[in-house]
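Let me begin by presenting the structure, written as structure tokens, before commenting on it.
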Amino acid sequence: MAAAAAAVVGWLGWVLAAFCLGSTAGEAAPAPGAGLLNFCTEEDSAPGAGSLRGRAAPEATLCLRLFCSGLANSSWTWVAAEGAGCPEGGRATEPEEAAAPTGEWRALLRLRAEAGHPRSALLAVRVEPGGGAAEEAAPPWALGLGAAGLLALAAVARGLQLSALALAPAEVQVLRESGSEAERAAARRLEPARRWAGCALGALLLLASLAQAALAVLLYGAAGQRAVPAVLGCAGLVFLVGEVLPAAVSGRWALALAPRALGLSRLAVLLTLPVALPVGQLLELAARPGRLRERVLELARGGGDPYSDLSKGVLRSRTVEDVLTPLEDCFMLDSGTVLDFSVLASIMQSGHTRIPVYEEERSNIVDMLYLKDLAIVEPEDCTPLSTITRFYNHPLHFVFNDTKLDAVLEEFKRGKSHLAIVQKVNNEGEGDPFYEVLGLVTLEDVIEEIIKSEILDESEDYSDTKVRKKTVALGAPLKRKEEFSLFKVSDDEYKVKISPQLLLATQRFLSREVDVFSPLRVSEKVLLHLLKHPSVNQEVTFDESNRLAAHHYLYQRSQPVDYFILILQGRVEVEIGKEGLKFENGAFTYYGVSALTAPSSAHQSPVSSRQLIRHDVQPEPADGTRSCTYCPDYTVRALSDLQLIKVTRLQYLNALLATRAQSLPPSPENAELQAIPGSQTRLLGDKSRETAGSTNSRPSIPVEESPGRNPGV
């Protein structure tokens, strides 16, 4: 409202300037006096036209037709001798007859030439005292100073209006409470001035209007009383100096200039107090200071909800058929599926929490499986999928293809479901109409339509194929997605049966808890293939009739060994030291770490999963030049049937070489170091045996072999 009032006052200022221009034009124009334009004689023998100076015969009577102006201004015409002046208030020579006006611009004058006195005569007219010559114009320097002063006054008034009075009281309070130090100081000085802001605004508007009107009058006089140049010049100067320049300066340094200009604002109010006071009261009544608070409260209540624009635009103009995922692109399960390890692995890799279940054909969706329903399902039980779906019996959510997105979003918000099955009535061809399933629509599809962007997550099976874009490669490599199917192998690959879950747990335990198998030494992929080797997975059958049988002893005191053992199932008895201290251990305890590394002493104690030894984890060089002998100072004996992991020193060294080969780029020089997953490079084993035999005087300890397979990894 304050800006509108300022615009109205500015318009009134221009009207006042135009009125002053008209009044000045009326006062500055001289009164219409008599002026001779031309004359001619009426006799045929005389010249047809003459100038102001003519020649006549003696005693001749002349009849002159005068063309002059100002005949109605009490003027008359007479003939005066050349060189004679015009007496004040009288005539120099009485004409024979006075000039008789015959029109607005014409008059008839009769003269008689005297004989014997040839002389020249001048035709003269009288002008009344009101029609004198115009006053002299002011000097150019005075006009320039006056115009500059008026422009400066208009610019200062406009600048004070834009700087000191532009901030609302609420904005000043916000700056005083939460602004910077400079802003707080400026706000404290401006806050009292906002109390008489209406009077100050009225005073500044009045001064700006007066300055612009006076400038228009001044330029009109300087332009020779020509209105068009005066108006254009005044408008250009006021626009550039009085509007643009204050707006540019105040827009950047408003808070810095406003506190320093408060004195000028008070002076303007004092000079124009009789007019500024009532105008200020009027502006304060029209400003409605509570409007800002009402708008803030409306936004706080949610009246200015930005979602309304989205719902009126995109969501109400598009249907679910525009954003659905076709049925052939959806991840679904058959109702006759058995939940074994491979099926559960595929569900986990899909990354979805809701999976449709169909019967016979994909368009016949009968159930919905939630990922949380599989929390208590064991892969070894091979539970039928129909058993799980009948137990939970999740409802299905169907929508028609012409349903608007805003309606679907409201249903999703109510928690009914975050996945809907889109169907339509197919009445094509002969026969009764039927429902045809087109695809699926999810909450993610609706959100992508709102934000007009693809949501990239770990799975995109339900993403909109119509707007799917190629994923931009990231600068940093993504973390490898866990491939659970690596742990699912054929049953005939093991001599000892090991479940995929136990294989996964063993691989993670060794890579995280045992330093010699950490990813820095042995990669997870190589370790996995090592654990899947038939000679590594072994069983010990406990003989109740002969508890002290030789095959019950995994380690014996002072007997050299070259293998590492991890107990997976069963219990063992450990006897330590000369005192013969005995204790029992169970699953996931391991022994013989020093057998895989460079021996630091002749005897080492057993290592459990709760007590790691850091000083014996440096691996021996792969060339096998050092001794492979390790003599434990403890005895480990089975107390029940055991399932264990047994890794020999040669197998461990081959795993180190395979890991090193994976980290090297492929080239002819390192071709011998290439390790193929799931197979064995015989060259590595042969070279290791040859090197060990050449550096050790006694034969190396043989490595377990299985038919058709090589002994290492």
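Every residue gets a Cβ built from N, Cα and C, even glycine.
Annotation source Swiss-Prot lists transmembrane segment at 7-29 (among others), citing sequence analysis.
Feature annotation from Swiss-Prot assigns N-linked glycosylation site to Asn73; the stated evidence is sequence analysis.
Look at Swiss-Prot and you will find 137-157 (among others) tagged as transmembrane segment. Proximity of distant same-chain residues to the transmembrane segment (137-157), defined by a Cβ-Cβ separation under 8 Å and at least 6 residues beyond the stretch ends, is recorded for 204-205, 207-208, 211-212, 214-215, 218-219, 221-222, 237-238, 241-242, 245-246, 264, 268.
Here Swiss-Prot flags 199-219 (among others) as transmembrane segment.
Counting same-chain residues at least six beyond the ends of the transmembrane segment (227-247), those with a Cβ under 8 angstroms from any Cβ of the stretch are 17, 21, 25, 147, 151, 154-156, 158-159, 162, 208, 211-212, 215-216, 219-220. Residues or ranges marked as transmembrane segment in Swiss-Prot (evidence: sequence analysis): 227-247 (among others).
Under the heading transmembrane segment, Swiss-Prot lists 267-287 (among others).
What Swiss-Prot records for 324-385 is domain 'CBS 1', and it gives sequence analysis as the kind of evidence. This prediction places the mean pLDDT of the domain 'CBS 1' (324-385) at 89.
Taken from Swiss-Prot, the feature domain 'CBS 2' covers 392-458, and the record attributes it to sequence analysis.
Feature annotation from Swiss-Prot assigns region 'Disordered' to 664-713.
Annotation source Swiss-Prot lists phosphoserine at Ser667 (among others), citing similarity to another entry.
Residues annotated as phosphoserine in Swiss-Prot: Ser706 (among others).
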